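*Asks:* As listed in Swiss-Prot for this protein:
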- Glu80: active site (ACT_SITE)
- Cys143: active site (ACT_SITE)
- His166: active site (ACT_SITE)
Amino acid sequence: MRHILVTGFEPFGGETLNPSWEVVKQLEGMTIDDCRVVTRQLPCVFGESLTLLNSAIDELNPTVVIAVGQAGGRVDITVERVGINVDDARIPDNRGQQPIDVAIVPDGPAAWFSSLPIKAMVAAMREKGIPASVSQTAGTFVCNHVMYGLLHKIRERTNVKGGFIHIPYLPEQAAAHAGAPSMATQTVKAALEIALTVALRQSSDINAVGGATH
């Protein structure tokens, strides 16, 4: 049986939970066609997160790899378009590291684009009534670190698709952040199930508007 690898993160930035792992861990063992979903929790740590991700990719040789992270303040599921080759941490990671303007891969390309059918994934979520959009930036913290590193890792594996999805706070988190948007666990889970199915079955992306003016 083939594998789909899905990762989430441990809590960071003073939070007691991370919605990415709270939802991703519920996907463990799910099957789509002939693929089984395997989940892994990554530390919110520069370097170490990629070491663990790369080990999981080598172990499982997955068909699809999707990393999921928290984007508190975003209102919808955001499928990332691009990871850039820079760490520029506004806050320290969970080991106290705070790299500023440091290349993730020295001498690597400036950016890697997602190899997922990102617009088709967004369209499929919207068809089910789930707010979703394409995002043009994964930030410059550990989420972008993982996205860029993932895409660099699979760059020569033409049979592997990979990318990153950001999700909003869960309601229990938003209660501590006045005015912050949130999304229910079951809605996020449904969105990720849709994303995995489309990523596995769709060989190429659709031609649809997904850009931004700023």
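Glycine is treated like the rest: Cβ placed from N, Cα and C.
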*Asks:* Roughly how many angstrom lie between the C-alpha atoms of Cys143 (active site) and His166 (active site)?
*Replies:* 9
*Asks:* Where Glu80 (active site) and His166 (active site) are concerned, what is their Cα separation in Å, rounded?
*Replies:* 7
*Asks:* My understanding is the cutoff is Cβ-Cβ under 8 Å with a sequence separation of 6 or more in the same chain; which residues meet that for His166 (active site)?
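*Replies:* Counting only residues 6 or more apart in sequence, the Cβ neighbours of His166 (active site) under 8 Å are Val68, Gly69, Gln70, Ala71, Arg74, Ile77, Thr78, Glu80, Ser135, Ala138, Cys143.
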*Asks:* According to DSSP, which of helix, strand or coil covers Cys143 (active site)?
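*Replies:* Reduced to three states, the DSSP call for Cys143 (active site) is helix.
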*Asks:* Within 10 Å of the Cβ of Cys143 (active site), how many other Cβ atoms can be counted across all chains shown?
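*Replies:* Looking across every protein chain shown, the total is 25.
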*Asks:* Using all protein chains in view, find how many other C-beta atoms are within 10 Å of the C-beta of Glu80 (active site).
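*Replies:* There are 25 such Cβ atoms around Glu80 (active site).
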